[in-house]
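Peer 1: Mind looking over this structure? Questions follow.
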């Protein structure tokens, strides 16, 4: 297990260099490392593997549905009403009546996306196995805080002339830096909560001069401030609102734990409050109408092209991983630049169909509620699950704001944070069914 934990730590620490590296190289390197981490993790103690299997069993549908849907998009279908219209046009053009149609425009690209999805699932599973141990979970939390804070610091320093040439582009369409800055706020809040919890459970509780206490608090506060400044520097004010939702979730969990509320009523109450605040806030901040494109801040020509793609997309989608292929039909002959999806939500609706958005929202809600309840029930280690629940909330909101979730760096951070939260939503000796 030490090998798996060390490899996961190295993978997280390598995120900044991976951002600079070629995208294809990064994906292949990630696949190899994720496979090695999983192979090393499953050789751990039987008790940890058993508890991990019990925990992940309730998420089996959540894990399998996206994979099954991509396989359905790849396979030939006998029903012409389900296949993409381009296949019937191709059949006529090639004079091949026996050509079987598919949902996906490019089955090869969809198959590659299926492989990538399984890589990130294996990363989540590995993280759950590794982080069942509290000390390993703390190490992963420290590294998450360090990486996201460093990326936020890159954004801030990149605004200075001295460092502008030394830092990568932080405002690219699919840049992972906005997401890293938002997640830095909740990860470092967990670091502050950890320092306070550990101090309160020591015998010298009145010793406010403890170096450990102030080191943890000040380090966490520094990360929170840097993350907020980075979001403001990128002018992502809607993302700042999403980060505020995440911080509110952590504060809400701390309050209900202090008051002794039960987990289910607390989760329902928080969901109602977020729904009310969102219903009042989002319409005031939308700039492009009430559609999926209403919250994005992209150039008008990109948004218009994505709007045409979205309106013409079949109800079952064009196939996962086919956005670039589909967008070429809407570009001019001389167009050289690759079209970037304005948001992850738009990308999902075009590639998997609008119904997939509702299903994925349900999966995100399941993750959030599970970790929210776990944080309310847990003792001094509740900050792991509360930070992860807040991270899920932020990532869900950001999915409607930009396409940063298409970045491998963002996906690694999110996968590890989810795995960390799931692993620590229940104690190693406590039952999962409560």
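Residue numbering: from 1, along the chain as shown.
Each Cβ is built from the backbone N, Cα and C atoms, and glycine gets one as well.
Since the structure is predicted, the reported quantities are computational estimates derived from the model, not experimental observations.
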Peer 1: Which is it, of 208-231, 304-327, that TrEMBL names as transmembrane segment?
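Peer 2: Transmembrane segment, as annotated by TrEMBL, spans 208-231.
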Peer 1: With Cβ distances under 8 Å as the criterion, find the stretch in 61-79, 114-132, 237-256, 355-376 that has the most pairs with the transmembrane segment (409-427).
Peer 2: 114-132
Peer 1: Are there three or more C-beta pairs under 8 angstroms joining the transmembrane segment (237-256) and the transmembrane segment (177-196), sequence spacing 6 or more?
Peer 2: yes
Peer 1: Please report, as numbers and ranges, the same-chain residues at least 6 past the borders of the transmembrane segment (114-132) whose CB is under 8 Å from any CB of it.
Peer 2: 1, 4-5, 8, 27, 30-31, 34-35, 37-38, 41-42, 44, 48-49, 51-52, 55-56, 63, 66-67, 70-71, 74, 140, 320, 384, 411-412, 415-416, 418-420, 422-424, 428
